[in-house]
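Feature annotations, reproduced from TrEMBL:
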{"type": "DOMAIN", "residues": "37-108", "note": "domain 'O-methyltransferase dimerisation'"}
{"type": "DOMAIN", "residues": "200-350", "note": "domain 'O-methyltransferase C-terminal'"}
Amino acid sequence: MNTSATTASANHTPLVDTALFPEGGDGEVRAAHRLYEHLVGIWAPGVVEAAQDLGAFAALTEGPATAAQLSERLGTDLRATRVLLDGLHAYDVLGRARGEDGQPVYSLPPEMHGVFAPGGLYSLAGKITHDRNVAWDAWRNLAENVRSGARTSGGAQQLNQISEEDYTALVRGINFWAPPITQVLAEGLRAHGWTSGADRRMIDVGCGTGIYSQLLLNEFPELRARGLDVERIVPIAQEQAKRLGVADRFRTEICDFWNDDWGNDSSLALFVNIFHLQTPESAHELLLKTSKSLAEDGVIAIADHIVDEDEDGSTQNKFSRLFAASMLATGGGDAFTVQDYDQWLADAGLRRIALLDAPMHRVLLAGHA
Ligand SMILES: C[S@@+](CC[C@H](N)C(=O)[O-])C[C@H]1O[C@@H](n2cnc3c(N)ncnc32)[C@H](O)[C@@H]1O
C-alpha cells in the first residue's frame, strides 16, 4: 500500500482556489466566494466531531483502514462513512492513499493520535465535548446576546460562567495551549531576574488542570506552586501534577477566588484564561485583590487573549476579537485591551513590566508600581 502519496498535510490547504478567478472579475462574486468560505467553516467541526462521536479516530489509532473496514467496525453506513472520511482528508486531518485493490485507505497521522484520545495530555477531546454541549447552541444565540448585551435582569454585564461539569471537560481540552505560552512566560521571568526559582512561591488562580504551573516548575526546579480552583477541578490538577512528576512542589487548594484568601506573599500570581471570563468591573476587582496577595518583588502574569490597539494587523488581535465574540455567544466575558489592563493595574498600584506574544495569547507581566 502506498501511504506516502497523499498523507495528511502539515499545511492547511485553502478550500477556494482564488487563482482560478478570471483577471479583473466581478468584485461582488469574489466577495461572495470569500464570505462563503467563512460560512462553510461550520463544516470543519461538523466532520471532526462526527468522527469523534462515532469512534473513528480511536479506530484509526490502531492503524490505517478502508471505509469498508471502518464502517463494519463502527456499525455505520459504507457510503456515508466514505463521505465522512473524505471530508476529514480534505481538512488534512486524515491521510488517504490507494490500497492494492484500488480502494482508498485512510490513516490518522501519528501526531494526531493524542489529539483525539480522551486521556491525552494535549487532547482536544474535552474541547470537542464542550463544543457539543455548549458552543453549537450558543452561537445560534449570538444575535440575541448582541441585542441584549448578554446582561443580567438588573442590567449588569455578566461574567462568563459555564457549569463546573462543562469546565471538567473544557480544562482538559485547552492544555495544548500551555507549552509555548509557558516558554514565553519563563523567558519573560528570566529577563526579569528569575534564575532558579529558589525561595519563590507561586499561585495559579483558577488553575484548571494546573498545566502552566506544572510546566513552569520544570523550568524553575526550586519553585513551589499552589493551584487554586473549585472542588470538582482540583483532583484533575493533582492527578496531572503526579503524571508530570511535580506533585512534590504543586499542591492544590479548593478555593473560590472571589471570596477566599490567597495569602500575601506570592512571588508570582498567574492567571491564564481567567481575565477573558470577566467584566471590566470584576477584572479591576481581581487586580486589586492580586496586588494585596503579592510579595514586594512579586510578579503578576496574565496569559490571555489580549488586544493591543497599537498592533492592529496582528494575528493575536484577530484571534482575540473573535474569541471575544465566542465569549459573548456563551454569555459574557471579553478580550480586553492592553490599555484596559494598564488602567486597572495603575488603579491597583501596579505597573506593566512586559507584554509578550504567544500563540493565540499575549502574556502580560506586571509588578508593584
Ligand atoms: C477557562 S478555565 C482556565 C483554566 C486554566 N487556567 C487554563 O488556562 O488551562 C477557568 C478556570 O477557572 C476556574 N474558576 C472559575 N471561577 C472560579 C472561582 N470563583 N474560584 C476558583 N476557580 C474558578 C474554573 O473552574 C476553571 O478551572
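Using N, Cα and C of the backbone, Cβ positions are placed for all residues, glycine too.
In the domain 'O-methyltransferase dimerisation' (37-108), helix, strand and coil residues by DSSP number 45 helix, 10 strand, 17 coil. Regional average pLDDT for the domain 'O-methyltransferase C-terminal' (200-350) in the model is 96.
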